[in-house]
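Single-structure report; data block below.
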Amino acid sequence: MARFVVLVIDSFGVGAMKDVTLVRPQDAGANTCGHILSQLPHLQLPTLETLGLINALGYAPGDMQPSDSATWGVAELQHEGGDTFMGHQEILGTRPLPPLRMPFRDVIDRVEQALVSAGWQVERRGDDLQFLWVNQAVAIGDNLEADLGQVYNITANLSVISFDDAIKIGRIVREQVQVGRVITFGGLLTDSQRILDAAESKEGRFIGINAPRSGAYDNGFQVVHMGYGVDEKVQVPQKLYEAGVPTVLVGKVADIVNNPYGVSWQNLVDSQRIMDITLNEFNTHPTAFICTNIQETDLAGHAEDVARYAERLQVVDRNLARLVEAMQPDDCLVVMADHGNDPTIGHSHHTREVVPVLVYQQGMIATQLGVRTTLSDVGATVCEFFRAPPPQNGRSFLSSLRFAGDTL
């Protein structure tokens, strides 16, 4: 009986990927962790420090130092860009495929027709570039925070329209388009005009709502991510189900990863609540895989708010200490990220960064896991840990973990 926890601190990268000068020059020099610690050198994250955060970062920009007891590595992104949805699919064993890129303007006609046919009131807003405005409460257009052309947003005022109805609109859009992701989200706004006032265009081809400016994150935020072309049958939850091991997803990962046979805690944003649920699930199940996402760090990155990012990291760190304290000798923990979102880089998009892979189990001897070429190595390790069939992608590093008393 054992538990394996993967905690994903959303967007907590540790340095730009080597290929950014070619594929994402706007991310050159990005380092989410490093630049936060440079601006706040006295920030203390003692649990992450012990687990090897500074080891993974590769230098000490503040008071925190490398750990002599850590098992750590870094992982490169195999998916293009830097994306939460594809990052988590990759973590859980999907081999990423090149995404379809298409501005919303290229599909606006058929999306509009499908919505009108389904009985929704649809207007076009904008001049040469246009987005859709549905039932005076929902905007549909390009996602301006992710890689342009890969994601469409449905931004709703949930004071006017129910989230269930917003999801119905999102599903109609999903049926009409082939981009990697459609995100339906909203918040409780006093005036729908706030969404319209946050409309922006980029590069003369993309138009949508600036999500942080819309106010959707501020009060009553809810979100569902609708993916394209991801096969849940080759992912970790399915493989563990075949081996009789339950999967628990907590936070944003539950919104974006299919888990039909397990427990999914969806529509959660508050970091403390997410960590409380994680610890409760950990204490409830003698055997389980638990994957938790901390989204508020990513939201702080989008808002380019270093102080907020650091404060959320402290919440995570305090609760990680509780989790480590509750662990038994057979339990394993991995702390990692899915991409970067450097709040100092000068734009509000994700940044393409390598991520830390920090591993803890009682009795473990300090080990360097090196550079993993895909996030899927974590999912492959989870499957081997539980003696389950491997996922589609990734190489397990379980055999690299060393413990006191091991013989060569």
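Each residue, glycine too, has its Cβ placed from N, Cα and C.
Taken residue by residue with DSSP, Asp10 (Mn(2+) binding site) is part of neither helix nor strand, so it is coil. Cβ neighbours within 10 Å of Asp10 (Mn(2+) binding site), excluding its own Cβ and spanning all shown chains: 25. The Mn(2+) binding site annotation in Swiss-Prot covers Asp10, His302, Asp338, His339, His350.
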For His302 (Mn(2+) binding site): intrachain residues, at least 6 apart, with Cβ closer than 8 Å: Glu145, Ala211, Pro212, Asn341, Ser348
8 Å Cβ shell about Asp10, His302, Asp338, His339, His350 centroid, Mn(2+) site members excluded: Ser11, Gly82, Asp83, Thr84, Gly87, Asp298, Gly301, Ala337, Gly340, Asn341
Neighbour tally for His339 (Mn(2+) binding site), based on other Cβ positions within 10 Å of its Cβ: 29
